[in-house]
Amino acid sequence: MSRRYTPLAWVLLALLGLGAAQDCGSIVSRGKWGALASKCSQRLRQPVRYVVVSHTAGSVCNTPASCQRQAQNVQHYHVRERGWCDVGYNFLIGEDGLVYEGRGWNTLGAHSGPTWNPIAIGISFMGNYMHRVPPASALRAAQSLLACGAARGYLTPNYEVKGHRDVQQTLSPGDELYKIIQQWPHYRRV
């Protein structure tokens, strides 16, 4: 027996599918984590082809409260110590499995130098991953964020993931996290 759908049913199915494809999961807004107001004004041209994954090399956080504090600490360091207009990353990932909005999808980051900042989204895992791996929940959060970015047109469908060390002289994103992202389907070496 074949199924026949009315035009209204097709519209409903399309809307349901569109919603599922664009679900961005849990992104903690700047307001929710207590961010200072951004002074950044440069827009990021979209869709973006590259994503640079780094680690903060600082303290690990594994609860929403500790990750909110850590996001504030990173922003404080970038703004007050380095003199930047905001936290350098577009997004931060906590070991609580949540994504924390940094500069977001639309604002030029300060994460990978003058060559890569204008053409890449910067995602940084909060913690030091030289000798340990992030928990599965944090890795899933990053993958969901990337899928969301592609579904919503912030990233090109053929976007490429790079490790921070692929584009700059650094140990970031740490040896263990770097091994993991090299297995991701969109990872490409420079």
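Positions of Cβ are set from backbone N, Cα and C atoms, glycine also.
Since the structure is predicted, the reported quantities are computational estimates derived from the model, not experimental observations.
For 1-21, the entry in Swiss-Prot reads signal peptide.
According to Swiss-Prot, the pyrrolidone carboxylic acid annotation covers GLN22.
Secondary structure at CYS148 (disulfide bond), taken from DSSP and collapsed to helix, strand or coil, is helix. The annotation disulfide bond is assigned in Swiss-Prot to CYS24-CYS148 (among others) on the grounds of similarity to another entry.
According to Swiss-Prot, the disulfide bond annotation covers CYS40-CYS85 (among others). Cβ contacts within 10 Å of CYS40 (disulfide bond), excluding its own Cβ and spanning all protein chains shown: 16. In three-state terms derived from DSSP, CYS40 (disulfide bond) belongs to neither a helical nor a strand segment and is classed as coil.
The average pLDDT the prediction assigns to the domain 'N-acetylmuramoyl-L-alanine amidase' (46-174) is 98. Among the features that Swiss-Prot reports, domain 'N-acetylmuramoyl-L-alanine amidase' is placed at 46-174, with the record citing sequence analysis.
Around CYS67 (disulfide bond), taking its Cβ as the centre, 26 other Cβ atoms fall within 10 Å, counting all chains. Among the features that Swiss-Prot reports, disulfide bond is placed at CYS61-CYS67 (among others), with the record citing similarity to another entry.
Of all the disulfide-bonded residues in the record (CYS24, CYS40, CYS85, CYS148), the one with the smallest CA separation from CYS61 (disulfide bond) is CYS24. Among the disulfide-bonded residues CYS24, CYS67, CYS148, the residue whose Cα lies closest in space to that of CYS85 (disulfide bond) is CYS67. Counting only residues at least six positions away in the same chain, the Cβ atoms of SER144, LEU145, CYS148, ARG152 sit under 8 Å from the Cβ of CYS24 (disulfide bond). Secondary structure counts, DSSP: the domain 'N-acetylmuramoyl-L-alanine amidase' (46-174) has 45 helix, 30 strand, 54 coil.
For CYS67 (disulfide bond) paired with CYS40 (disulfide bond), the C-alpha to C-alpha distance reads 23 Å.
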